[in-house]
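Copied over from TrEMBL, here are the features:
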| type | residues | note |
| --- | --- | --- |
| TRANSMEM | 21-38 | transmembrane segment |
| TRANSMEM | 58-76 | transmembrane segment |
| TRANSMEM | 88-108 | transmembrane segment |
| TRANSMEM | 114-134 | transmembrane segment |
| TRANSMEM | 154-175 | transmembrane segment |
| TRANSMEM | 187-208 | transmembrane segment |
| TRANSMEM | 271-290 | transmembrane segment |
| TRANSMEM | 302-322 | transmembrane segment |
| TRANSMEM | 334-353 | transmembrane segment |
| TRANSMEM | 359-383 | transmembrane segment |
| TRANSMEM | 395-418 | transmembrane segment |
Amino acid sequence: MTNVGPSGIPSPSRLEGKNEAMVVSWFLGLGSLVPWNSLLTIGDYYYDLFPRYHPARVLTLVYQPFAFGTTAILAYNEAKIDTRKRNLVGYILFFLSTLGLLVLDIATSGKGEIGNYIGICVFVACFGVADGLVQGGMVGDLSFMCPELIQSYFAGLAASGALTAALRLITKAAFDKFDNGLRMGVMLFLTISSFFEFLCILLYALIFPKLPIVKYFRSRAASEGSETVYSDLVAAGIHTKESESVLLLQDDEGKHERLSNKQLLFQNIDYALDLYLIYVLTFSIIPGFLYENTGSNQLGSWYAVVLVAIYNIWDLISRYIPLIESIKLESRRGLLIASLSRFLLIPAFYFTAKYGYEGWMIFLVSIVGMTSGYLTVCILTAAPKSYKAPEQNALGNLLVLFLLGGIFSGSALGWLWIIGNGKF
């Protein structure tokens, strides 16, 4: 027999579908950053086409304002936004923009002209809008579900980096001996990335809302006053008498009073600052510093590609470490100290780039990836505890806003490596 809660909704302890939900969450996380990580990992191709335009840094600065601005607008209005439509529009925009990069390269025959560069920037801006739609929407949605789902989603985000880096190494090696091999590898790579985005559209639209554990948490969220999940419940077949019984529970206004976004932010300002600091540091180094400030060495054009791959691999591995409860960091003071201590890596990178060997640079990039992934999951699984579903949704959106703000700031600060040091 299935346990039944006070609202008539089955108890999650007896529901099937948790493992399936974790797998789907992982793939949805993968699709949320495949386009962006694709841009990072084909940086060698864009530097070959546009050597004077600093593509790794410029494309990052094009992407981030749109991602941050979209997230800010949606975080402010999250309580009134249909989460299903928001996420589907985001994944569709990811798919069309990734496909657009491929079509643009074919149409221009891979020429390094300014028109081609502007076109790439337009599609990158679309990536930013899609990121603002999807990442905040998914994190907000998963924040009122069990912590394993949000951990799986963020592991998928990191896996997108590791997977795209691995695919880039394979395609680069496969076509390395061919004339125009660099471009051929990139075209194959963008085709595979487009497929992943199309897969995410199908998973989110057809599979995810019908999983029993997802239906349970969304039904419970509706019973606690959430207005963002109604379309998802209808898509899952929870309508007519069942949906009416859930929605009738919203009549008691006093029961469903929730903290405002301002109150939630003040109560969790340390978590928000932690995420901001983590990603300021990370994106002041990756990818621009690795492509432009690490000097020349025996690996040649492979060096930056390998460093990005190493970062992504450690970022992925570290996001599974918090699953081990004994080594999961939950102390708010400990998380803040750990986030601040990462800034000691800045002088370490400076002196390693000037005087160190490749091995030391690989070690430092590994530390950045490991700490970034581990701390992110620790924060985003700890912060939503003890809140009601609508508050957890709002808090998830706010935390993603600070995360993207850190990425934007870090990308802007990354230019200081050029301005202050003349590319070493």
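Cβ coordinates come from backbone N, Cα and C, glycine included.
Among the stretches 58-76, 187-208, 334-353, 359-383, the one making the largest number of Cβ pairs under 8 Å with the transmembrane segment (88-108) is 187-208. Outside the transmembrane segment (58-76) by six or more residues, the chain places 36, 39, 46, 86, 120-121, 124-129, 131-133, 135-137, 261, 283, 287-288, 394, 397-398, 400-401, 404-405, 407-408, 411-412, 414 with a CB less than 8 A from a CB of the stretch. Against the transmembrane segment (21-38), stretch 154-175 shows more Cβ pairs under 8 Å than any other of 154-175, 271-290, 302-322, 359-383. Across 114-134, 154-175, 271-290, stretch 154-175 shows the highest tally of CB pairs under 8 A with the transmembrane segment (302-322). Within the chain carrying the transmembrane segment (154-175), a Cβ under 8 angstroms from the stretch's Cβ atoms is held by residues 25-34, 36-38, 40-42, 44, 181-182, 184-186, 188-189, 192-193, 302, 305-306, 308-309, 311-313, 315-316, 318-320, 373, 376-377, 380, all 6 or more beyond its ends.
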